[in-house]
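Quick notes on the structure that follows.
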Amino acid sequence: MVEAREVIFSFIIMVLATASASWLMLVYLRIARRASLLFFSANLLFIVSCMLMAARFGRSGFLIWNLADIITLVGFSLFSLGVRTLYHQPLRLYHYGLLAMTVLLVYPVIPGQLSSAYWFALTFSVFSSALFYFIARDIVAANRKRVGLVRSLLLGWPFVLAIGLNGIRVITQLSNVRPVYFTHNDEIFGVSILWFFIAAAVFFNIALVGQVLWRMIQRIQYQADYDGLTDLLNYRAFQRQLALVDADAKRRAQDFSVLVIDLDNFKQINDSYGHLVGDEALKHCVQTMAMATRQQDCLARTGGEEFSLLMPDTNLASAHQVAERMRRLVEENPLRYQGKRVPLTVSIGVASRALSPLEHLIDCADNAMYDAKHGGKNQVCVARGRGAPALAAVKTEPAPADEPTRAAHPKRS
Ligand SMILES: Nc1nc2c(ncn2[C@@H]2O[C@H](COP(=O)(O)OP(=O)(O)OP(=O)(O)O)[C@@H](O)[C@H]2O)c(=O)[nH]1
């Protein structure tokens, strides 16, 4: 039977070596580099731990046994840290520090003799369960919002299963049914637990590769739909959103409106302060504009310094109010840069679906925005009518501070 164990141990080490090589390849390819490096290191530690465990069958030294357990726990900690790194979660190193301290306090207390096998196994089960719990919890926390609880649990299923199996093991051991697994003189359990190691090595690594792939897919999807600078939806995603809102509005016989918003004299900001300040100005402006929007509105970056706001269930008059409020907020919140005040203003065009067909809606708002530009900038213009939106665009004037919805003369900063 000892020979069978040796063969199985060699097989486990081969599996772990293959996993290590694969993670190293991902590090080399710069795919989730830091997380892959942590997963690679964890697999190396498992190889060391397996070698020690293989040695312990010959000599049954408890020091080696404990060392193998502790190295395995450090490997699981690296898995857990890798998952947190992958999902950009806070590392919270004190969690691992606390766990390490407890491990180092508990292991020396247990007497190093064969009858303690039960306690060593129990201790290892409890600590490894804590680490599996960290991993499963982090995977669920990172994905729950996007794919729901059940699917996010499925993403980390080997770790969830490991918590369950360890739980059963702890309960059976605490209820003193019999010391299961890891008994030196019990050949059957000795070999069966080795098969369990193989399954764990394979499934844990597959689950983690799955996390890396899943994360990459999420990132690609995000880059396809979002603007990297402002984190707003891009033009393509905005068009998709527009079609969805239009279908919904038709079904419910409701109106909706769009704003096309363009920063004024933005080239001048870039030329005077540089592109980095220009980028800051764009981000600052987005934050300010967002103050005028509601939860259901959809603000998108549809051009370099051009934005669009989609407002479901909003008629032209209400959209005009929002646009005016937005214009005023931007004007009143200049960018502060190195103690200087960088004034920002926007020109806004408003159009509503009730007055324009979908295929012309954005053009109508865009033309109204250009009317605002030609009218002197820092103002809101409303597009009316279907056929000739540019001609029908009606300029409205900014409201006074206490009356956000009514007109006054355009303000310039
Ligand atoms: N910093 C920065 N600049 C950008 C970005 N995208 C576009 N721009 C710049 O925005 C400027 C737009 O210039 P124009 O189209 O002349 O517009 P403007 O100066 O705002 O003039 P008006 O629209 O007439 O008020 C150009 O200089 C672009 O290089 C960006 O992501 N970051």
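The backbone N, Cα and C atoms fix where each Cβ goes, glycine too.
TrEMBL annotations: computationally assigned, not manually curated.
The feature domain 'GGDEF' is assigned by TrEMBL to 254-385.
Taken from TrEMBL, the feature region 'Disordered' applies to 394-413.
As annotated by TrEMBL, transmembrane segment applies to 6-29 (among others).
As annotated by TrEMBL, transmembrane segment applies to 36-57 (among others).
Under the heading transmembrane segment, TrEMBL lists 63-81 (among others). Among residues of the same chain six or more beyond the transmembrane segment (63-81), those with a C-beta under 8 A of the stretch's C-beta atoms are 38-39, 41-43, 45-46, 48-50, 52-53, 55-56, 91, 96, 99-100, 103, 107, 112, 120, 123-124, 127-128, 131-132, 134-135, 138, 204, 208.
Marked as transmembrane segment by TrEMBL: 93-110 (among others). Outside the transmembrane segment (93-110) by six or more residues, the chain places 66, 69-70, 73-74, 77, 80-81, 116, 119-120, 123, 127, 130-131, 134 with a CB less than 8 A from a CB of the stretch.
Residues or ranges marked as transmembrane segment in TrEMBL: 116-136 (among others).
Outside the transmembrane segment (148-168) by six or more residues, the chain places 125-126, 128-129, 132-133, 135-136, 139-140, 142, 200, 203-204, 206-207, 210-211, 214 with a CB less than 8 A from a CB of the stretch. The transmembrane segment annotation in TrEMBL covers 148-168 (among others).
The transmembrane segment annotation in TrEMBL covers 188-214 (among others).
Across the domain 'GGDEF' (254-385), the DSSP tally of helix, strand and coil residues reads 58 helix, 33 strand, 41 coil.
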